[in-house]
Structures are given as structure tokens and as C-alpha cells.
Amino acid sequence: MSSENSEYYSDKEEDSVVNNSSLGRSRKSSRLSKSSRLSKSSRPSSAGVVIDETQSEEEESQSSETAESEKSDESDNSQNSQESEDSEDDSVRPSARNTKRKPLGIPSDSEDEEDELEQRALSPSTRMSITGVRPQDLSDDDSEIEYSDEVQEGPTEAPTAEAVVPRYTTQFAGNIQNDLHSTIGAADSEVLDDSSGSDVLILSNKETPIEILSSTDDDATTNKENMSGPPFERPSKSLSPRSSAGASVVKTSKNLSQPTIQAVLKQKTSPAAPRRSRIKSEDQKVVSQVVYDEEMRKLAEKRVQVSDAEKLFEKVAHKLPDKGSQIMKRIDTLRRELAMDEQWISALRVQQSNVPAVRVVKPTLNPPRAPSIDTLDWDELSEAVNEIKPVYTGAQGMATFNNQKALTLESLKDLHVSLEDLPGPEVLAEDPVGLKVSLMNHQKHALAWMSWRERKLPRGGILADDMGLGKTLTMISSVLACKNGQEMSEGKDESSDSDSEDDKNKKRKSVTGWKSKGRKDTRRGGTLVVCPASLLRQWESEVESKVSRQKLTVCVHHGNNRETKGKYLRDYDIVVTTYQIVAREHKSLSAVFGVKWRRIILDEAHVVRNHKSQSSLAVCDLRGKYRWALTGTPIQNKELDVYALLKFLRCSPFDDLHTWKKWIDNKSAGGQNRLNLLMKSLMLRRTKAQLQSDGKLNSLPNKELRLIEISLDKEEMNVYQTVMTYSRTLFAQFLHQRAERETDFNYRSDANKPTYNQIKDPNGAYYKMHEKFARMAGSKKEVKSHDILVLLLRLRQICCHPGLIDAMLDGEESQTMGDHSSDSDTPEIDLLAQLNKLAITDTSTDGQQSVANAGDDGPPLLPDEARIAKASKNLLKRSNPVFNLHRPSSKINMVIQILKTSILKSSDDKAIVVSQWTSVLDILRDHLSKDGVATLSLNGTIPVKNRQDIVNEFNDRNNQKRVLLLSLTAGGVGLNLIGANHLLLLDLHWNPQLEAQAQDRIYRVGQKKNVIIYKFMCVDTVEQRIKGLQDKKLDLADGVLTGAKVSSKLTIDDLKGLFGM
């Protein structure tokens, strides 16, 4: 072995390479000169073959003279002495001529026999028949395939130490997969197809691989610019007698070494996908779509394994003797593998093949028709029901199970059959008589769908159109159509007082009619609308502005002077009330519960998504013939939200919680299919994007979202970082206490009793920890979960204005301040040391005294905490100008700047500023008033009866007050504020759905101007992490049923991310 190659090959590696050779061949190879070895440079073989440069080196050196002497004589007789079948025989067995070539000087013993067998097995003809590549030592008369004579016969220069060509490599060359074709196959194969998944291994980027072109590649470009090494040379073409389709001519490149049989067999059994350890260059990362999808599936499984392992570690690590060290090792291994897989898959590129692997059929464009709603066959649904097994197999248990199963199948069958006459999107109802405005097409279709739904059981459904698509006007049109007598004949012939629940539960009726606490039968009424308080006047305003006079009468049932008897409510066509009033009157069953309503409408029905709440229980007990739920988000937290709506609709038997959990919400594919059937038959949902893509909502203007990033100034950032440091410390203490609390609970449980050694040694580590936890639990310094949330609140308020934390503490915690009733009498304080108490108390100006006072009610502060407290002594005091509310913060300045330069500068544009805190809106109002900007305010302090007047005043084009300060909770739902086309979100909320509802106050049907949403975010703060949390929640949207967003609740992982831990 030469010194140049010594750094690449060791003796062990050399032995492993030639391990498959016989002993005699090894002895012959050892007598080869070093110069002969260096003269043989490795060359690639056909696609997928691993090249071994040590193969046949002795044959090339020993038979070179013999081959040269016999080449001329044999070439003259090759045409006359061989037939096509002889050539075929040579392709599958060793050549007789080659078997007789024996090098001189080799003794004829047992080793010679092994050498002869080795030569037969590795003869050029054998390798030619297997690989389809002509070896260099095969003379011209051995095959009838024409080869180019441009192959370099002489030796090449030995590679230097700096540029040594390794024996094995894992690199592809260029876009070789676009030009390679499989050469290993049946003898009677046709023109070979592209082998896009071949695992081609080329020895070096500096070498030219073999180019094998089919007969159809005449016009293909042979010089690939992005390929490594010299360009390909076009080989001459001829037809092989072994291929009836005309197999392409194979031209070998320069400096090729011959493949081995083992390498060929290895390639025949190797997978189509490239091995991850072999991919290094960009061109090697081209894979088929099937391989890419399979790798993505494996990556998803790996992520699930990592997540499961982490959850297992959190639950059982503290219970194990090794404290979960083995599980942690497994987690580390999985994380490393996951990181490698992600890095590898990110570099993959799906190959765009010109020849499709399967036949692609373009769908024919049919005339528009109603979409197929029934995607499941009834046999599949019924079989899925039969898969559920009873829990109790006794006589009573089986009877109950069979009864539930029969009711479930009957109800599903009715819903499945009802889909047969479901009106398609092209079915539109006429505008009812007395309506001043014309309905849009999607509203007309909703009116037709509602008329169809009221003829089925249950009578009613869920209108889940996107926010701002006119659900209120659609329902008013339905009420007007009912009064005009435009209902179907089934509705006229039926008893208007029949209740869907009464149809299913006859036992609830007595002979004399419906009885409740000894009073007479309830009275027949019109339509009851239950909505949030902020929408009371909007319903009244919609009826007055959209319906002709005297067509519909409206009563707002709200306030202390509302009617207390139902007989005074039955004469109105529409009675509007709130969820709070219904829940209050539910206790005495008065007023609204004394009327049997023709129609009950729940506006913003997601308010009652908790089926255990008082409002949900109250609305479910209301009596009515038709029951409707209006909501843009039927699911906000979980699938159980749908159960609350089905309970209100009285969709038997799924309005029973036990039946719901057993047959619907059972985490199975069958349960999901049954839920889909319920939603397809009971719910109608259209989004703005869907209607715009279908061309049915061309009147809606464009919507633009702008993210405004703000950097806090130096003073504000100092305050923020100080509070953040304390917050992280307190949160870490909270996590520590939480972990110890779980350990203590495990100690108390029977399944986790202390061991004998622990009992024997009462001073062990476990008991020390337990005593420490008991002392901590008994002290006043235990951190509660609400303390953590309050800290997050303080951090978010600092982003809006640092003065909010002082004002909030001074306002809300004034009762704990003792005699300090005014700012002038209150001494300087250390907010950091007292922040966890959420109160303002006396502290000394000396830092050490401050630390001592902080420890009066608990353990003293740690040295680090004392140092931080001392450093922040002057920073977190009222005398700091940053807490002055008259000083505009960075965010307030940016809001004022945008209002002046981008919005108010226009002649008629209006803006709405939304915030979660009215204190922020008050600060902004004061600064705007100094600049002469008049504003309107709508928040929780405004009486409900006056809120609609403020909305009407703001929507008036002639009104000069062009800025509305809106509270997110008071006015973020249901209001129609299309008078403005700019919305400024001052602060970010955990639940992005609330922000989306606020945006739809201006982006709704009737808006004529382009809408611009401004979202303000302070960078390098908790707001930036909240933005990431919002994006994650939006990515987890449940689009199967409604497209609604996931829960707004914060988890421990969310809190860790917010605190940067």
C-alpha cells in the first residue's frame, strides 16, 4: 500500500475489502506492484453499483499482454465464428477463451484451482452479463455490442495526498438520475424507463459517471451544467441482439474499474430510497414522491415517540429508583435521531419526472351542482355502531345497551335519510314580503336550508356562518317569512304548539296539557332571541331598519322594569333578552318560561358551550317548536362544546351525556363519522374565504393585516427586565413546589408507600424532602397559580404603559395599604420585593433594611435576590418618571403616530382602538384629547341601553368623532361597526379567536372600504411570545367540523415558553 493512500486505508480496511477473495488470489494480489495499483483509478459502474477498485486488479495486470496479442486475431474471426446465440451464451457463462488464460509462473496446485474458479466467476463476460457495462479487459469479439474506442487505456496519475480519491464514496454526481437507466434486468426487456429512485454511488466528484441513454434520448441534452466533473460524451448507438426493443448503447467513461458480483447483488437487494448516510451534495437529495411521503410519515412517528417519552418521564421519573435516568437517555437518543432526520428530510427534493409513474386522468368539468354531502354509506355507519360492545353484560345492562343502540341507529338513520333532499347551494329562497333590503345569495340559500331543516327532526339546527355574513338578517327574514305564511304546508297543518321534546317524550305530557308547579298551560308566543347584552339593541335596530313598519313587533326584555309575566310577552313577534335574564328567571320559571315559543334563537350560542353552566341549563329548559343556534365558532375548546348545542336542539338520543360519550365522543373513527353525520345534517357553515373563492361574495372588500413591532425605550426595558427576572424566579419556585406536591401525594397513596430502607432510615433524603415540603406548604410563601397569571398580567401591562402596574396595585389593593391613602403620604417602595404580595407597603431606603423587611413574613431573600432588590431600589419607585401616566409610553406614541399620519389624515376614514384594559384606553384618550382628537368610548361601564346609541353615532358618516375606544370583552362580539375601516389591536390576547371576532366588527357584509388591521407587538417581550402562542393555536385549528380554533387555556408548557424557560 502506497504512502499516498495510507491515510485512507488501514491494514484492517484492506483485509475487509478483499475478504471475499480466495487465499490464492490474495497471494497473487500481494505480488502486484504498487505502481500497478496506483495506475488503476476507480470508475463508476451502472446505477446503484458500489465500486470496489481491488476487484480484478491481478487479472488486468496478468492478462494485459495476452489480451493485446490475441486482440487482432480474434477480432478478424469474431464475425464469422460466433452466432447470436453464442453471444447470448457468453453473456450468462464464462468465456472459454478467458478460462484458458492462465498467468505464467503460477504453480498448478489446489490454489490454482481456486484461482481458476475465481477467474471464471469474475470473468469479463460474466461481469458484462450482470451489469451491462463492458469491462476494459474484454476484447471486441466477445460481444456484438459496439463500443467507442475513446476509452483511455493507459494508467493515470496517482492522486496526491491532498486530493486522494477514496475507495468508497457516497456522493452522487450532478443530476445523474435524470439520465441513468437500469441496466440490470431481463434479457428480453424493452426500452428501459427512467430509474428515478436508483442509489447511484460515485467514487469522486471529479470523475465522470457512466451515461446510459435510451434510444429515445436523441434530442436530450448531454452536457449537464450542474453536474460535477467533466461533461458527458454522447456514446454511439447500436441495437443489441439481446433486446428486441433496441437497448441503448453503453459507453464507458474514462478510468472505470470493474464492478464485483457482491456489489451487484447488494444493489439488487438495496432499497430504492437513498441511504441517509450517503447523501452529501444537493444533487443527491432528489427522491420520488412516494419515498418523501414515507420519510415524512416516519418523522411524524419519531416526534410522537419523543413526546410520549417526555410525558412518561414527567409522570414516573420521580417514582423510579434511578430517577428516570434511563428514560432520559432514551429521550436524548430520540432527540438526536429526530434532529438528524429533520436535517436530512429538510434537504430532500421531490423529483419532477417528465414521465409519470402512473397514468394521470384529468377530471372532467361537470356543470355546477350541489356538492355530495353524504360521503359515508349507511352500511358503514351501521357496522361501526355494531362494533361498540356493552360494558355490563348482565340482564339489565344488556337491556339498557340494546335500547341505546336501537335509539342511536334510529336517529342516525333519520339523519342519513334526511340528507337525500338536502337543498344544494343553487337552491335559493325568495325574499320575504315586507323586507326592505334584498338578501344576498348565500343568505337566500340559508333561508331555504332553514325552511328544510324546520321540517325535519329535530326542528332546527346550527347556523355557523362566519362572523359578519349576516346571520341576524337571515333569522329576521325567517321570522318574517313565517308570519307571512310562506312556510311549507307541513308547518301549517302541524300543531304550532307541539314541541320536539314532547314528540320524543310523551310521558312528560299529562292529560290536561303541560303543567308546571300547578299553573295552567303555557301560552303560545312568537320568537325568543337570547343574546349577549351588547346585542340587545342591535336586534331591535335591525328589525326597525330592515323590515317595513308594522310587519314585526319587537320587545326588549331587559332591565329592572321588564315584564314578570309571560302573558305580556306572547303578543310580540320577537322578544329579545340576555343569557343572564334567562338564567335568573329559570329559578322561578317566570316570564320567558311561561310562554311556549314558536321559535327560540340563541345568538352567539358558544356562550353556553359549557353544558354545566346556569345559562346552558336555563336555555335547554325553554320550550319552543323550532330551536336555532347562531355562532361563528361552534367549537372553541373541545368536541364537548357541540354536545351543549345538541342538548339545546334536543337531538335525541345524543342530548344525553352518557349516550354522547359512548357513541360519539369515544375517540374512535366510528364516533368521528357519526359526529360528521350530525354536523352535515344539522349545521350550515360558510366562511368569507369560501364564498369569495366561489364568487358569491364579490361585494366584500380586501382585508390587510399589519404587524407593528415596537421596541421599548431604555427606561421601560429596565423596568420590564427587572419584573421579568423576579417573575422567572417565582415561576421556578412554583414549578418546584408543584413537583414536590406531586411527590407528597404519591407518598400518601398506597401504590407509592415508602420502602423498608426508607422506614428504617427516617432521616433519609425522601423524608427530608417531605418535611421541607410540609414546612413550605405551611408557610405564607407558597406560590399559587393565580400569582403566576398576575405576574404575566403585570408584564403585559408594562408593554402598554409601565404606570399601569403602579396604578393597578394602588387601585385594587388599596385596602391592604393601611393608612397610606394618598400618594403624597406614601413613602418610596420597592415594588420588586413586594410584587408577589400584590400590595404596596412601607420599605426603608436602605437596601439591607429592605431585604430584612422582605423576610419578616417568610424566609429571607437569597443573596442574588437581595442584590437584584438593591439594584432595583430606585428603579421601581413612584418617583421614577417612567411610571407617570402623563408620559406617553412607546406603544402609545406609536398608536398616536399611526392615527395621525395614516388614518385621520384621510377625509372620512374612521378607526377603532381595541384593548383588554379600559385603563389603557383612558390613557390614550387623554393624550388624544390634548392633540384635539375627539373620541367615543364603549366599555363595560356604559349601560347596556346606551351602547347601541354609541354604535349608531359612530357609524353615522356625518359624525366628526372618528375614533372609537372599544373594550375587547364589552364590544368585541356581535357589534356592527362598519362605519370604521381601521382596527388597532393595542395588546395581544391568549385566545386569537377573540381578536378575530373583534376584527369582524368592521370586516363584514356592508363594508364598502378596504379594511386594515393593525396589530401592535413589543419585541423582546412577553408579547412576542404570546404572538408565537397564538400562531401555534391557529395552526392546530380543527377544520374537520367548523374550522374553529382550539382552547384558549394556558398550559404549563405555554407558561414556560412565555417566561422563556
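In case you wondered, yes, glycine gets a Cβ from its N, Cα and C as well.
The region 'Disordered' annotation in Swiss-Prot covers 1-163 (among others).
Taken from Swiss-Prot, the feature phosphoserine applies to Ser108 (among others).
Annotation comment: Swiss-Prot describes Ser110 (among others) as phosphoserine, evidence class experimental evidence.
If you look up Swiss-Prot, you'll see 212-253 (among others) marked as region 'Disordered'.
Here Swiss-Prot flags Ser214 (among others) as phosphoserine.
The phosphoserine annotation in Swiss-Prot covers Ser215 (among others).
Per Swiss-Prot, phosphothreonine is recorded for Thr216.
Leu469 (ATP binding site): 25 other CB atoms within 10 A of its CB, across all protein chains. According to Swiss-Prot, the ATP binding site annotation covers Asp465, Asp466, Met467, Gly468, Leu469, Gly470, Lys471, Thr472, on the basis of sequence analysis.
Sequence annotations record features per position, and here Swiss-Prot assigns region 'Disordered' to 485-523 (among others).
According to Swiss-Prot, the feature motif 'DEAH box' maps to 603-606. Panel annotation: around the motif 'DEAH box' (603-606), residues 462, 471-472, 529-532, 535, 539, 629-631, 633-634, 636, 641, 645, 648, 973-974 of the same chain, lying at least six beyond its termini, place a Cβ under 8 Å from a Cβ of the stretch.
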Q. Taking the Cβ of Thr472 (ATP binding site) as centre, how many other Cβ atoms lie within 10 Å?
A. 22
Q: Sort out the sequence-distant neighbours of Asp466 (ATP binding site) for me: same chain, 6+ apart, CB within less than 8 Å of its CB, listed by position.
A: Gly632, Arg685, Arg686, Thr687, Lys688, Asp1000
Q. So for Asp465 (ATP binding site), how many other CB atoms are inside 10 Å of its CB?
A. 22
**Q.** Around the Cβ of Gly468 (ATP binding site), the count of other Cβ atoms that are within 10 Å
**A.** 21
Q) For Lys471 (ATP binding site), which residues in the same chain are close in space, meaning a Cβ under 8 Å from its Cβ, but six or more apart along the sequence? A) Ala446, Leu463, Asp465, Asp603, Leu630
Q. Between 0 and 100, where does the mean pLDDT of the motif 'DEAH box' (603-606) sit?
A. 92
Q. Across all chains shown, how many C-beta atoms besides its own are within 10 angstroms of the C-beta of Met467 (ATP binding site)?
A. 22
Q) Taking the mean position of the Cβ atoms of Asp465, Asp466, Met467, Gly468, Leu469, Gly470, Lys471, Thr472 as the ATP site, which residues outside that list, in the same chain, have a Cβ no more than 8 Å away, listed in sequence order? A) Gly632, Arg1004, Val1005
Q: Over the span of the motif 'DEAH box' (603-606), count residues by DSSP class, listing helix, strand and coil in order.
A: 2 helix, 1 strand, 1 coil
Q: Report the same-chain neighbours of Gly470 (ATP binding site): residues 6+ apart in sequence with Cβ closer than 8 Å to its Cβ, ordered by sequence.
A: Leu439, Met440, Gln443, Arg1004, Val1005
